[in-house]
2 protein chains.
Amino acid sequence: MVLRLRLYSALYPSWGPICLFPRSFASCSGNPASCCTMPQLGLLHGRAWAVLFGQLRRPPGAVCIRAVHSHSQVAEAALATQLKPHQEKSNFIIKTPKGTRDLSPEQMVVREKILDMVVSCFKRHGAKGLDTPAFELKEMLTEKYGEDSGLVYDLKDQGGELLSLRYDLTVPFARYLAMNKVKKMKRYHVGKVWRRESPTIAQGRYREFCQCDFDIAGQFDPMIPDAECLKIMCEILSGLQLGDFLIKVNDRRILDGIFAVCGVPESKFHAICSSVDKLDKMSWKDVRHEMVAKKGLAAEVADRIWDYVQCHGGVSLVQQMFQDPRLSQNKQALEGLGDLKLLFEYLTLFGIAEKISFDLSLARGLDYYTGVIYEAVLLQTPAHAEEEPRNVGSVAAGGRYDGLVGMFDPKGHNVPCVGLSIGVERIFSIVEQRMKTFGEKIRTTETQVFVATPQKNFLQERLKLIAELWDAGIKAELMYKNNPKLLTQLHYCENTGIPLVVIIGEQELKEGVIKLRSVANREEVAITRENLVAEIQKRLSES
Amino acid sequence: MVLRLRLYSALYPSWGPICLFPRSFASCSGNPASCCTMPQLGLLHGRAWAVLFGQLRRPPGAVCIRAVHSHSQVAEAALATQLKPHQEKSNFIIKTPKGTRDLSPEQMVVREKILDMVVSCFKRHGAKGLDTPAFELKEMLTEKYGEDSGLVYDLKDQGGELLSLRYDLTVPFARYLAMNKVKKMKRYHVGKVWRRESPTIAQGRYREFCQCDFDIAGQFDPMIPDAECLKIMCEILSGLQLGDFLIKVNDRRILDGIFAVCGVPESKFHAICSSVDKLDKMSWKDVRHEMVAKKGLAAEVADRIWDYVQCHGGVSLVQQMFQDPRLSQNKQALEGLGDLKLLFEYLTLFGIAEKISFDLSLARGLDYYTGVIYEAVLLQTPAHAEEEPRNVGSVAAGGRYDGLVGMFDPKGHNVPCVGLSIGVERIFSIVEQRMKTFGEKIRTTETQVFVATPQKNFLQERLKLIAELWDAGIKAELMYKNNPKLLTQLHYCENTGIPLVVIIGEQELKEGVIKLRSVANREEVAITRENLVAEIQKRLSES
């Protein structure tokens with residue numbers, strides 16, 4: 001039952017009508033919308049509520065002021081947070097949602113540099129740009145992410161289509177290909193993706209992050225596009241100067257072949273693959289324990305697996321595996337090994353074979369990979385002695401996924417795909433850390449010229465002058481003050497890295513000149529008004 | 001009641017267990033989850049259902065096969081859509097969500113051009129970049145958008161914080177300022193925003209779209225930042241070559257002053273302002289009718305309003321309004337007029353006063369504006385005679401909003417702000433239309449060189465060669481075929497606009513040269529392997 005009583009105005013005139021219905025009870029019988037507009041006393045302890053309520057039910061003259069008063073203090077405290085909704089909201093802390101962050105101007109400069117470098121590499125390889133919406137119809141994303149499906153952000157059902165925020169850029173790409181019946185495409189896509197990661201799993205793992213993807217869709221002669229993906233990863237990682245790196249390569253069919261010949265029951269393939277995937281974070285001892293004790297694998301089977309997954313090497317390891325008595329009996333594994341052999345040939349021609357390691361313990365998480373898989377890791381020795389070694393996991397990864405487009409096509413027509421994703425957030429934090437360690441100062445604006453005056457009443461001249469500079473394409477600023485002090489203006493230039501100042505004053509106006517001052521060496525020259533723009537452009541192109 | 005019967009396997013072995021509960025009835029008494037996994041016959045017409053059901057209730061020998069058969073055909077058709085869940089899902093259409101779209105490679109090229117131009121203008125004016133998350137805590141966005149609050153996309157409550165997708169870039173900016181206690185900042189922000197617009201309201205209005213915002217936050221001498229915002233709008237609209245444009249300017253205080261002196265009750269200000277806002281789409285006759293008949297305004301008050309809001313002009317109109325016997329009695333209006341007078345002075349010094357119109361009918365939708373407001377519209381005469389005149393509404397808008405940051409600050413400390421937003425989607429559709437009208441072909445890749453061969457078994461040489469080009473920073477592609485035909489490769493270059501081809505074959509290999517061919521004029525020269533990169537770079541820089 002809802003009771004709406006007007007508190008006796010003599011007691012607490014500011015309260016107005018309040019709803020005495022405690023929040024712990026079920027819904028109001030009245031119109032919930034109007035109910036919610038009134039402050040609710042429901043925050044009170046049941047007992048205080050009961051007493052206060054009891055007093056308020058009495059006829060005015062019979063109210064025990066003291067009883068009301070004491071419990072009313074509790075009520076008032078509870079109400080205070082609601083009486084002034086825009087001030088002193090005790091729960092109102094200004095922050096971004098968990099797992100997300102703003103990017104400051106300094107961070108934006110670093111990000112822009114990284115993204116420019118990545119995109120120009122993609123363009124160097126002939127990729128076209130593409131963009132897809134931030135959210136997809138929920139049904140487009142279901143059954144695509146295996147165990148990770150619970151990490152997808154859903155939108156509230158507000159009466160329209162059921163939507164989810166995209167979890168990666170690969171499934172939207174497959175949806176685009178199927179939707180537009182595209183058979184061949186080489187595209188790149190830079191965009192945000194969203195995942196409801198548990199914050200306890202991995203420190204520094206964001207819920208909103210940027211991905212840079214490059215993918216080649218289409219039926220082609222084997223391993224040429226796959227090799228180009230690896231070449232792109234090498235170019236980007238070298239170009240970003242992150243130090244020494246390694247790209248681990250494996251193949252889903254080889255992994256499945258290993259499991260088969262070692263005696264893993266087919267129903268456990270997925271679970272065991274998941275365990276193998278943890279070898280980059282956990283010791284074999286712990287992984288083995290997980291396989292045997294938690295996933296019910298026979299101990300000798302686990303040990304056989306270890307014989308394989310501890311191996312890593314170059315193309316000679318591929319050859320060795322071809323000769324392996326057990327593995328060579330498995331058709332799938334032989335296919336995978338054959339593709340890897342061809343891949344290594346191409347990587348050698350590309351000049352990057354020494355960066356690639358055939359690593360039998362590599363098992364990428366996502367379900368949709370069907371062939372070659374790869375993952376780039378930075379090698380632990382930091383680029384510079386003073387830096388802390390950072391373990392940030394992989395910085396880029398990808399693989400072949402031949403069955404994903406077919407999941408969208410009603411007739412199941414496949415478009416084979418291979419691609420890669422650059423983990424910009426991880427790279428970003430490394431670069432940011434490196435810049436902090438070396439005290440590199442980052443300019444957050446690109447302003448080239450500051451328009452200043454030492455005198456009062458020169459705003460009009462400054463406005464005219466700066467418009468001339470802007471119209472000539474020169475990046476310029478001025479102080480938003482009618483009468484700024486010269487020293488303030490010069491300090492502003494020094495602090496923000498603006499290289500040139502144009503100074504206008506009485507003298508200059510009489511003589512028809514502007515003073516052009518270099519902030520770095522403080523030298524000033526007088527330039528005529530007509531020559532000012534040309535002189536500035538000359539100086540800027542020389543520096 | 002739920003009835004689960006096994007259809008007689010002799011009749012229809014493929015059906016298995018089906019739920020005969022018609023969908024029109026209320027919820028199952030059984031476990032809804034298991035119920036939903038069975039195909040439901042509920043799609044059947046009530047009568048067919050009843051007959052079929054009647055037959056199925058009989059003991060096996062008494063079933064009338066003919067009756068079952070005829071009605072079963074209906075049933076089978078109904079079930080067919082459910083028997084094979086991943087194929088022939090009658091409801092499974094691949095599409096993007098309502099109000100959203102993919103951007104094709106051609107569209108990406110156009111968008112990139114526009115955004116580059118806009119951002120370089122922002123940088124020319126000394127703005128720093130900023131980025132905020134796609135979603136905010138729901139409480140950050142509540143009570144910020146007035147009547148439009150219902151258009152905000154909420155995220156589903158999945159057990160964590162309640163979140164909403166950002167509706168614009170201004171409220172996140174104000175949140176950032178309050179959160180970081182920033183008092184002065186000049187920032188730009190390019191990003192997507194999301195609004196659950198009703199598709200019936202305005203054709204072509206998207207639910208996901210890109211905004212480019214520039215804002216100046218801080219307490220400064222009056223109207224200088226405001227004038228710079230208008231200068232930026234002019235630079236961008238001129239630079240995009242969209243034809244002639246006009247920027248309408250007004251002031252919230254002048255509007256409120258007009259309403260006050262005309263006799264509008266203060267409680268109706270907001271509603272009447274909303275009607276005035278429609279004058280750009282509706283005639284005064286219709287707007288007047290809305291004010292009088294629907295919003296209960298006295299007819300003579302409406303007519304007085306018309307005396308004002310039909311006025312538009314230059315700075316002389318500002319002067320005229322200062323002299324207006326009624327308006328000059330209103331303190332608010334005088335403040336607004338004073339600011340506009342100062343604004344026009346600065347705009348004249350910036351050289352853009354002739355693009356600006358003081359328009360008393362301008363009333364921007366968003367609640368948070370407190371002072372000057374402005375809106376840029378393209379003038380109806382198209383830039384070229386062959387083009388269709390497009391009415392796309394405003395292409396850029398903004399204003400001063402001095403109270404928004406204070407809504408976030410617990411102590412209500414204000415940071416005055418002024419800013420602008422460029423409507424890139426509208427500009428984008430104009431530019432796209434223009435390019436179609438003029439048959440401009442858009443290259444979707446930037447590839448400069450194609451590596452080709454006329455002969456078989458030259459893949460290895462092509463791979464080696466292309467890696468040399470990539471390593472020298474040259475944008476290059478090759479066909480992903482072991483043995484492609486020369487003509488196919490050359491056609492590919494012509495179709496995609498690649499200007500140069502390097503051709504390697506037996507002859508060239510023997511002689512230690514590469515053939516360099518111009519796609520445009522088909523001329524070929526032989527270049528030594530060592531000089532190839534330099535020659536290509538020379539040719540590319542000359543073109």
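The backbone N, Cα and C atoms fix where each Cβ goes, and this holds for glycine too.
In this structure, A:ASP168 (L-histidine binding site) belongs to neither helix nor strand by DSSP; it is coil. Residues or ranges marked as L-histidine binding site by TrEMBL: A:ASP168, A:LEU169, A:THR170, A:ARG195, A:GLN211, A:ASP215, A:ARG364, A:TYR368, A:TYR369.
Under the heading domain 'Aminoacyl-transfer RNA synthetases class-II family profile', TrEMBL lists A:99-454.
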Please give the average pLDDT for the domain 'Aminoacyl-transfer RNA synthetases class-II family profile' (A:99-454) in this predicted model.
92
Which of these binding-site residues has the least crowded Cβ, counting other Cβ atoms within 10 Å: A:THR170, A:GLN211?
A:GLN211
Nonlocal neighbours by CB distance (under 8 Å) for A:TYR369 (L-histidine binding site), same chain, sequence gap 6 or more:
A:ARG252, A:GLY399, A:ARG400, A:TYR401
